[in-house]
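Structure record follows, encoded as C-alpha cells.
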Ligand SMILES: NC(=O)C1=CN([C@@H]2O[C@H](COP(=O)(O)OP(=O)(O)OC[C@H]3O[C@@H](n4cnc5c(N)ncnc54)[C@H](OP(=O)(O)O)[C@@H]3O)[C@@H](O)[C@H]2O)[C@@H](O)CC1
Ligand SMILES: Cc1cc2nc3c(=O)[nH]c(=O)nc-3n(C[C@H](O)[C@H](O)[C@H](O)COP(=O)(O)O)c2cc1C
Ligand SMILES: Cc1ncc(COP(=O)(O)O)c(C=O)c1O
Ligand SMILES: [K+]
C-alpha cells in the first residue's frame, strides 16, 4: 500500500514538474479540482499554493490598447501641432524613425536589405521618406517610389536628403512587374488616416499589385494599410494584407482587423494631456526604444527558424597559437562591438551520478591560470562541483556569429580572493548573497525581501557586510578550447585546442615526410574540426 502511495505522489510531483495533466483516478479527482495546471506550485512548507499569472509584467494585452476614430486622429494631430507646440517636421521625423526601428526589430538587414518605400501625397508618404533615410543609416538599401510629390519645403528637403545618400527614386513605370525579384520589404506609406473614398490613379494600380504579392516581399504598412477604410478596415475584403502594421500615436479603428504577425506602435511623443483627453491606454515603450510591439506575439513555425551565418572566414594562420590569447582577442572584440553581457557564460556541471546541468554565470576574470566566477558553494552547481570537479563553459556572441567552448578541472578560489571580490560588489548584492540560500526552495518572495530589508537596515551605517562562508569563487583551468565562427551553408570554421603531453615527431615513410604524435612536454595542439 505504501509503495502505491509513494508511486502516486511521485507521479503527482513529476506531473507538476512537467506541467502535464495529472494521471489521477476518478476516485481522487475531487481533491485536485480547484487547481489548474499552471496554478500548481509546490513549496517546501506550504504544499500546493495558487499564484496569479496576472502579475507577469510586460504582457501587452491588445484588449487594453485604445483605438482612434478618423476624427479623433485628425483632432490629435491638430492639437499636437497647435497648442502643444509641435511642428509637423518633428512629428514626421519621430514617426518615420519609429517605422524604421520597428522594421529593424523584425526584419534584419542581413536577410531583408532591399526595401522599397512607396510614398503617397500626404504626411503618411512623408513618414515613408523619413523611414527610408533611417533604414539607409541602419544598413538597408532603400529605394523610393514617390509619384505624387508636393512642393512644400518639408518634402523637397526629405527628397534632397535621400538623394544626397544616393537612394534611388523609381517611377511607377520602372517598377518591376514582380516586386519580389528586386525587393525584400515594401513600406506602404501611401495613405494614412486622411484617406477617403476609393484609391485614385496611380495608387489604385499600385495597391492592386500589393494585393496580389506572394510570400515575399513582406509589406510593412505605416499607420493604415493603404486602401483600407480608416475605421472599418478591409471591409470589402481583398485589400492588402500587410505582414507588419506600425500604428502611430495610437492604433486607428481599422487596426482591429489587422491579422498579420507584427503589430507595432510608434510615435513616442504623446503628452499626458492628450492621453487623458482621449482616454488613451497605451503600452509603455521599453527603455529608449522608439517602438513597442502590441497585440499578440507572432505565431512562428519553429522548424523554419534559422539564420544563415555570414562572417569573415577564420583561416589557420589567423588563429593565435595560445588559446587564452585567442579568447582575449575575441572577448575584446565582443566588448568593442557593444554586445550586452559579453561575460555571460553557460556553466555545465555533473553530479556524482553523471547527470549534467547548465546555468548562466558571469565570468569575472581570466588569464593563463584559469577562468573564474563567483557563486554559492552550497548551490546545485556548488554541490555538483564538490562531487565532480570538472566543468564546461560556453560563450555565444550572437551578433558576431561566434561560440567558444572551454573545459577543464575546477577548484575553489582562496578565501582571500573571494573576500576581495565580494567586497567589491554593490552592497545590495552583498546582502543578496547572504539572504539567498541559493537553489533551496523559498515559500515566497516576501521571505527574501523581509530579510533583505532587515539586513539593509542593519548595515545602513556603512559597516562591513561579512561575506557568507559558503560564498566564493571557482576557477576552471582549461584543458580544451573550441573557437567557432559561423559561416554560410553551415560550413563553419572550428578550431579545437587540446592541452596534451605530446610532440610531433617527423618520420620518413614511402610517401615522404610525415609526423606522428609522441609523448613529450604538454602543449596546446590545434586542429580544425568539421562543422
Ligand atoms: N499625430 C499624428 O497623428 C501623426 C501623423 N503622422 C502621419 O500623418 C498621416 C496623416 O497624414 P495626412 O493627414 O497628410 O493624410 P494621408 O492619409 O497621409 O494623406 C492624405 C493625402 O492623400 C490624398 N487622398 C486621400 N484619399 C485619397 C484617395 N482615395 N485617392 C488618392 N488620394 C487620396 C489626399 O488628397 P485629397 O483627397 O485631400 O485631395 C491627401 O493628399 C498619418 O496617418 C501618419 O502617417 C505622422 O507623420 C506624425 C504624427
Ligand atoms: C546572465 C546571468 C548571469 C548569472 N550570473 C550568475 C553568477 O555569476 N553567479 C551565480 O551564482 N548565479 C548567476 N546567475 C544565476 C544562475 O544562472 C543560477 O540561476 C543560479 O546560480 C543557481 O544555479 P544552480 O541552482 O544550478 O546552482 C546568472 C544568471 C544569468 C541569467
Ligand atoms: C545569483 C547571482 N549571483 C551572482 C551574480 C553575479 O553578480 P556580480 O556581477 O555582482 O558578481 C549574479 C548575476 O546575475 C547572480 O544572478
Ligand atoms: K499606409
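Cβ coordinates come from backbone N, Cα and C, glycine included.
Features reported for this protein in TrEMBL:
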- 73-282: domain 'YjeF N-terminal' (DOMAIN)
- 123, 124, 125, 126, 127, 192, 193, 194, 195, 196, 197, 198, 223: (6S)-NADPHX binding site (BINDING)
- 124, 188, 226: K(+) binding site (BINDING)
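Structure coloured by features recorded in TrEMBL.
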residue : record                   : DSSP (3 states)
123     : (6S)-NADPHX binding site : helix
188     : K(+) binding site        : strand
193     : (6S)-NADPHX binding site : coil
223     : (6S)-NADPHX binding site : coil
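With respect to ligand 1, the binding-site residues 193, 223, 226 contribute 193, 223 as residues with a C-beta closer than 6 angstroms to one of its atoms, given in sequence order.
Highest local Cβ density among the binding-site residues 125, 197 belongs to 125, counted as other Cβ atoms within 10 Å over all protein chains shown. Neighbour density at the Cβ, taken as the number of other Cβ atoms within 10 Å, is lowest among the binding-site residues 123, 124, 226 for 123. Put simply, residue 188 (K(+) binding site) is 13 Å from residue 195 ((6S)-NADPHX binding site) when counted between their Cα atoms. Close to the recorded K(+) site, the chain also has 118, 120, 125, 128, 189, 190, 191, 192, 221, 222, 223, 224, 225: residues not among 124, 188, 226 whose Cβ is within 8 Å of the site's Cβ mean position. In this structure, the C-alpha atom of residue 197 ((6S)-NADPHX binding site) lies 12 angstrom from that of residue 226 (K(+) binding site). Between residue 124 (K(+) binding site) and residue 193 ((6S)-NADPHX binding site), the C-alpha separation comes to 8 Å. In sequence order, 92, 95, 96, 99, 189, 192, 222, 223, 248 are the residues of the chain that are 6 or more apart from residue 127 ((6S)-NADPHX binding site) and have a CB within less than 8 Å of its CB. Distance from the CA of residue 188 (K(+) binding site) to the CA of residue 125 ((6S)-NADPHX binding site) is 9 Å. Looking at the residues that bind (6S)-NADPHX per the record, 123, 124, 125, 126, 127, 192, 193, 194, 195, 196, 197, 198, 223, the two CA atoms farthest apart are separated by 22 Å.
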